[in-house]
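If you check TrEMBL, you get these features:
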- His105: active site, proton donor (ACT_SITE)
- Gly13, Ser14, Asn15: N(1)-(5-phospho-beta-D-ribosyl)glycinamide binding site (BINDING)
- Asn103: (6R)-10-formyltetrahydrofolate binding site (BINDING)
- 3-183: domain 'Formyl transferase N-terminal' (DOMAIN)
- Asp146: site 'Raises pKa of active site His' (SITE)
- 75-94: transmembrane segment (TRANSMEM)
Amino acid sequence: MKKRIAIFASGSGSNAQKIMEHFKKSNEAEVALILTNNPYAYVLQRADNFEVPSHIFDKKEFYETNKILALLNNLNIDLVVLAGFLWLVPLNLLKAYPNKIINIHPSLLPKYGGKGMYGERVHEAVLANKETESGITIHFVNENFDDGEIIHQSKFRVDKGDDLEMMKFKVQQLEHTHFPKVIEGLLKKMKSI
Ligand code: GAR
């Protein structure tokens, strides 16, 4: 049986797209569901393009009901992937999926993590501090922002003259290259348990 992935995303979903592309040809795993809190998120269009079902939810449903847990259970989800999703994950999901919820963050955690640190804000802070390197982190999710055990990091050099657009480009290159492979590696490990 193929392992089944659910992806939470709130925005464009370029990472979700790379993950769907990667596993479309796989016999080992598939993206079974896209979830979003944002009814206007472009990730919904991407899900349609790949014929992956999607679910839109609001804060109340996420934090005050077990509906999303039931949905993940019913679809036999093995791994939950946060790809540009900005809300803390509630305890009911953390308990049901121990070490099975992962997140990608656009910096070398623990630097530039925590509440309010997402997307462009991270790059702006890295540039403002004149860092000479930055990168990406893939980590397990816990009850705090950007805090769980680190699974993977990769770095890039911040060159003089790099602006916000260049930072976004460099981060995205690394994310798109590594995230699908890291997910594949995790799923393989889960198999042998
Ligand atoms: C990614 O760069 C991801 O690292 C970041 O949001 C972007 C989503 O892009 N996540 C965070 O900042 C979480 N704190 P995408 O919608 O194109 O995949």
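Cβ atoms are placed via backbone N, Cα and C, with glycine included.
Predicted, not measured: the structure shown is a model, and the values here were computed from it.
All features noted in TrEMBL, drawn onto the structure.
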residue: Gly13; record: N(1)-(5-phospho-beta-D-ribosyl)glycinamide binding site; DSSP (3 states): coil
residue: Asn103; record: (6R)-10-formyltetrahydrofolate binding site; DSSP (3 states): strand
residue: Asp146; record: site 'Raises pKa of active site His'; DSSP (3 states): coil
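The Cα of His105 (active site, proton donor) lies closest to that of Asp146, out of the recorded positions Gly13, Ser14, Asn15, Asp146. In this structure the C-alpha atoms belonging to Asp146 (site 'Raises pKa of active site His') and Asn103 ((6R)-10-formyltetrahydrofolate binding site) are separated by 8 Å. One way to see the shell of the N(1)-(5-phospho-beta-D-ribosyl)glycinamide site is to take the Cβ centroid of Gly13, Ser14, Asn15; the remaining same-chain residues with a Cβ within 8 Å of it are Ala9, Gly11, Ser12, Ala16, Gln17, Lys18, Ile19, Val43, Arg46, Ala83, Gly84.
One residue stands out among the recorded positions Asn103, Asp146 for having the most other Cβ atoms within 10 Å of its Cβ: Asn103. The Cβ of Asn15 (N(1)-(5-phospho-beta-D-ribosyl)glycinamide binding site) lies under 8 Å from the Cβ of Ala9, Ala83, Gly84, Ile104, Glu175, His176, Phe179, each on the same chain and at least six residues away in sequence. Counting other Cβ atoms within 10 Å of each Cβ, the lowest count among the recorded positions Gly13, Ser14, His105 belongs to Ser14.
The CA atom of Gly13 (N(1)-(5-phospho-beta-D-ribosyl)glycinamide binding site) is located 13 Å away from the CA atom of Asn103 ((6R)-10-formyltetrahydrofolate binding site). Here the domain 'Formyl transferase N-terminal' (3-183) returns a mean pLDDT of 97 for the predicted model.
The two recorded residues Ser14 (N(1)-(5-phospho-beta-D-ribosyl)glycinamide binding site) and Asn103 ((6R)-10-formyltetrahydrofolate binding site) have their Cα atoms spaced 14 Å from each other.
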